[in-house]
Amino acid sequence: MVGALIGAAGGAVFQGLSVLHVPSFLSALWAVAFQVLLTGGLHEDGMADMADGCGGGYDRERKLAIMRDSRIGSYGVLSLTLTVMARVSAIAVFPPSLAIPLLAATGAISRMVLAAVPLFLSPARPDGLASKLMQFSKPALWVCMLAGLGVAVACTGAALGFEAVLIAGLVVTSVVWFARRQLGGFTGDVLGATATLVECASLTFFAAIVSH
């Protein structure tokens, strides 16, 4: 629900600015900026850290050490630039009247997948957010995912919602495979990167649908 509310807030910004005749790309940029403000850039930080670690580290230990470094490198900058541009470009083609439900669905989907990763990966470290997530039972994680699916379907309709979740599943599968090979498990940064990549994929899918 939190993800859906954050997405809906971004959609409201986009719709409101569109009513004021602000160009769509600029409206989309402010919508994304508002969402980042609400979340504190938590997922974006994870995206940048994972990109830096996996791009710059030569072994598992070095990758994990880089991911804990607060400094950002070239891989992190590139990942942030590309993912933000993907989100802004996708939202810019949304009809203003559909911005709120589509962004709410995207927010729900991109957060529900955070419960999926612990079902298939173990924590890469014995401490941190990843280890805390393992305290939740598998049924509880499945409930979280089903709740996210329900919100997505309520916002977009059954067919579109299920298709978007299927695409999200493909992204999660890819990230899980990559994290297992590169890190031997998942971390909080992996979760943030997963949410960011799923959001980009979902928005791209919705943009393709509304542009067809």
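Using the three backbone atoms N, Cα and C, a Cβ is placed for every residue, glycine included.
Listed features, source TrEMBL:
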type	residues	note
TRANSMEM	20-40	transmembrane segment
TRANSMEM	72-94	transmembrane segment
TRANSMEM	100-121	transmembrane segment
TRANSMEM	141-170	transmembrane segment
TRANSMEM	190-210	transmembrane segment
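Counting C-beta pairs under 8 angstroms (sequence separation of 6 or more), the transmembrane segment (72-94) fails to reach the transmembrane segment (141-170), with fewer than 3 such pairs. Sequence-distant contacts of the transmembrane segment (20-40), counting only residues of its own chain at least 6 positions beyond either end whose CB sits under 8 Å from a CB of the stretch, comprise 6-7, 9-11, 13-14, 84, 87-94, 99, 103, 107. Away from its own ends, the transmembrane segment (190-210) comes close to residues 42-47, 49-51, 79, 83, 86-87, 89-91, 93-95, 98, 102, 105-107, 109-111, 113-114, 117, 121, 124, 129-130, 133, 156, 160, 163-164, 167-168, 170-172, 175, 179, 183 of its chain (Cβ-Cβ under 8 Å, at least six residues beyond either end).
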